[in-house]
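Structure, as structure tokens:
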Amino acid sequence: MTTIKTSNLGFPRLGRKREWKKAIENYWAHKIDKAELDQTLTDLHKENLLLQKNYHLDSIPVGDFSLYDHILDTSLLFNIIPERFQGREVNDDLLFDIARGNKEHVASALIKWFNTNYHYIVPEWDNVEPKVEKNTLLERFKYAQSINVNAHPVIVGPITFVKLSKGGHQSFEEKVETLLPLYKEVLQSLVDAGAEYIQIDEPILVTDDSESYEDITRKAYDYFANEGLGKYLVIQTYFERVHLKFLSSLPVGGLGLDLVHDNGYNLKQIEDGDFDQSKALYAGIIDGRNVWAADIEAKKQLIETLQQHTQQLVIQPSSSLLHVPVSLDDETLDESIAEGLSFATEKLDELDALRRLFNDNDLSKYEHYKARYERFQSQSFKNLEYDFESVPTHRKSPFAKRKQLQNQRLNLPDLPTTTIGSFPQTREIRKFRADWKNNRITDAEYQEFLQNEIARWIKIQEDIGLDVLVHGEFERNDMVEFFGEKLQGFLVTKFGWVQSYGSRAVKPPVIYGDVKWTAPLTVKETVYAQSLTDKPVKGMLTGPVTILNWSFERVDVPRKVVQDQIALAIDEEVLALEEAGIKVIQVDEPALREGLPLRSEYHEQYLEDAVHSFKLATSSVHDETQIHTHMCYSQFGQIIHAIHDLDADVISIETSRSHGDLIQDFEDINYDLGIGLGVYDIHSPRIPTEEEITTAINRSLQQIDRSLFWVNPDCGLKTRKENEVKDALTVLVNAVKKKRQESESTTA
């Protein structure tokens, strides 16, 4: 058998304890200067590279590290600058402004990266002049060489980059052709600098419509081959299966395939002879998206199968390790569960164990991981019985009747205003929560602090003039982690952070066992907030689909079963809130769209299961109780009918960064439930103008019945500063008041 090699597609940027996030946010807050930021990030990049080197990888990725987002990096590399930001020097401050917006200009759109919880900044092609502006990829490659790291450069490929872009008058094919000479310039510079191969990521080739652009894909890679670059290129794909016969026909040196999330299709195509054995096979055999340890015996058998179909086998994670935490080393977890976990460094060590086994006949690491896996699997985490059939999955009455009863009960004005749920998580709030968790303050002291914050923000909302209030979620570190801490069957780590967008990090809980509600989760804070005001206060919950999608899910039972277990737990909390007198309850599902499978053949079942779980969680209440939900970051065209099927009394949707595109989705459906299309972007510190809010409202009312329309920001306000929140919400309420006055004068 031939020697196998090991490689990696990408590594977490955050650092073990979020050093990356803290440095960038300190720079934004003017607490450090650019020189200190650069030094901190250089040190972290070096640490990441050397850490990977410790696991004896034959090649280590460079170009995956970024100050914000690798797609935005590619935009700046090729001078694809949004028109409103043009005319400035291409540097890191420009990058941050495109991503976050500034006082003069809105940020670029923020979209989910395929079906993950990572987000990328959408490239904009309007009136651009593509050119290689600053070859930062070459700089990073040379840096890796300077510290004696055997690295391979990583760049997103032209097909994926253009497909994820928007704007411009050129066709898709014309944009690709425009970029090819620029890609050639960058790729040639890397080869000239000594790159043995270049990882060119084309995950778009796993999607449904990839066959419709096979011609331009072939044209692109034929071009690179004719320029003498083909043999240096390894096309990496991940998250799903590919059309392997086509991909193998491209004139490149190697192909990377996901052999974890492909539902077995990629392996079958290999076994059917569709892989060109003259190429290197980069086999994604270790799960890059979940945190469970590999069944190393099964991986050994898979490698033995793959060796029959290629002379050049490289084993790697199934995708970039961007989607998992850095290391288990700093965790203090129950060993019985920890033995079943594997973060980024552990996944690299699993690869090293397999490399040693096959190349050196060294069984030590292999036997270690095999024993750990067998001990973990010997435990039983399936020990609860569920009565799914006894819980209703439909509201008692149709929406029209519910709306009438809710209008009488709530007595809200025309164009009611609200927020999505969270208010700023200040340093003081985080400190109090940390002090409480570490027993540095008493329960009573912590509760007093929370009540003071809730009372302060109830008054702020009343003073601004909002119609439906929220308690602010000051007791919550994260909208999923909070529930993971309180529901049976979840494990919450201490340092299990992953990047969501920009400097935003989340700490997904790990679902290891059966899920159960054991006590009220949110009732105390919500009831206290309601006691302070005559206006309705929303109960704020996270929905079952989002909790599952934003957790590391267990793999020993079907996904639908876990999702419905969570739904029953949320149903218990919904009923507890209703019984406590809460009239409006929001069950957020921001991640419903992101979990949609990349292949359409799986869409119907996914959406059917998602709708069922949401209704399982929300249908037990009385007609008078108003159920809200919220979604964000998404392209909704594919799921608009499923959104309607949720039968939520009101849905709020992020739309501001789509620059109005989302409203087009409502032209094909007569949406007859309550809806709020977010009227300003909370991801940017920029304060909207009344004119912008009014324009957003007017545009929405062209498609949405006024009696159904709500006005709200597009997401929670957790990451904003207090003055930004107050100023923006004041603008929003003033704009709505003027719209109401216009209506009154028209009907007078």
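Residue numbers in this text run from 1 along the chain shown.
Positions of Cβ are set from backbone N, Cα and C atoms, glycine also.
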- Query: Which of ASP287, ASP295, ASP588, ASP609 does Swiss-Prot put in the same L-methionine site as ILE420, GLY421, SER422, GLU473?
  - Reply: ASP588
- In Swiss-Prot, 5-methyltetrahydropteroyltri-L-glutamate binding by ARG18, GLU19, TRP20, LYS21, LYS112, GLU594 extends, among TRP517, TRP550, to TRP550
- Message: Record says HIS630, CYS632, CYS715 bind Zn(2+). Source is Swiss-Prot. Which of GLU608, GLU654, GLU722, GLU724 does it list for that same site?
- Response: GLU654
- Item | Neighbouring binding-site residues, C-alpha within 10 angstroms of HIS630 (Zn(2+) binding site) - of ARG18, LYS21, LYS112, SER422, GLU473, GLU594 | none
- Task: Compare the C-alpha of LYS21 (5-methyltetrahydropteroyltri-L-glutamate binding site) with the C-alpha of each of the recorded positions SER422, GLU473, GLU654, HIS683, CYS715, and give the closest one.
- Result: HIS683
- What three-state class does DSSP give SER422 (L-homocysteine binding site)? strand
- Check: same-chain CB within 8 A of L-methionine site center, minus ILE420, GLY421, SER422, GLU473, ASP588: THR419, VAL470, MET479, MET540, GLN586, HIS630, GLY716, LYS718
- Min neighbour Cβ count (10 Å) across binding-site residues GLU19, GLU473, ASP588, GLU594, GLU654 flags GLU19
- Note on the structure: Spatial hits near SER422 (L-homocysteine binding site) (Cα distance within 10 Å) out of the binding-site residues GLU594, GLU654, CYS715 come to CYS715
- Could you state the whole-number distance in Å separating the C-alpha atoms of GLU473 (L-homocysteine binding site) and LYS112 (5-methyltetrahydropteroyltri-L-glutamate binding site)? 24
